[in-house]
Amino acid sequence: MFTTIKKTVIGLFTIVRSMWMVNSHAIRPRDTILYPEVPVPVPPRFRGRIILSRDPDGDERCVACNLCAVACPVGCISLQKAEREDGRWYPEFFRINFSRCIFCGLCEEACPTTAIQMTPDFEMSEYVRQDLVYEKEHLLISGPGKYPDYNYYRVTGMAVADKPKGAAQNEAAPIDLRSLLP
């Protein structure tokens, strides 16, 4: 008789506890969100879609050095180098296959000109796989991106067309080493 009462009390406690849990979850805020209507919060350093940025002057920053394609662990970046009349290199074509990209950010780290930048945009779903191959026209943006004042050619000291050494902006005239000899 004692075991029957014990089993009945344990059974009632289990039922009351289960009902309490169900009712407490009914009034709690929902864990799931309605995705298209409610935007997903992304962290500040989120690595999303890749873009190609421009210099503050408006020229494209990419010098087709191919470091991004070499750094990519899955080989989803391909480009071909060409040269302008002033001697500056540029990519004739720049192609990223986002169906293979793992968004690791190694291409952004390898880029010496900060042309490749990762954005927080992650909505790139397509019905056709070939639409995930982005060309240079799709990747280029009109602004400088994350680094608005950075210009690769000014930082590296590359010769500016139609200006001798030392005549460019923020550049000192070269020193004559023979004048320093005793």
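FYI, residue positions are counted from 1 along the chain as it appears here.
Keep in mind that glycine also has a Cβ here, set from the backbone N, Cα and C atoms.
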Listed co-binder of [4Fe-4S] cluster 1 (same site as C62, C65, C68, source Swiss-Prot) among C104, C111: C111
Alpha-carbon spacing, C68 ([4Fe-4S] cluster 1 binding site) to C107 ([4Fe-4S] cluster 2 binding site), which is rounded to whole Å: 4
Chain residues outside the domain '4Fe-4S ferredoxin-type 1' (50-82) and at least six past its termini with a C-beta under 8 angstroms from it: 88-98, 100-102, 104, 106-119, 134, 136, 139-153
Candidates C62, C65, C111 (binding-site residues) - the one closest to C101 ([4Fe-4S] cluster 2 binding site) by CA: C111
By Cα-Cα distance, the member of binding-site residues C62, C65, C111 nearest C72 ([4Fe-4S] cluster 2 binding site): C111
C-beta crowding around C111 ([4Fe-4S] cluster 1 binding site), within 10 angstroms: 21
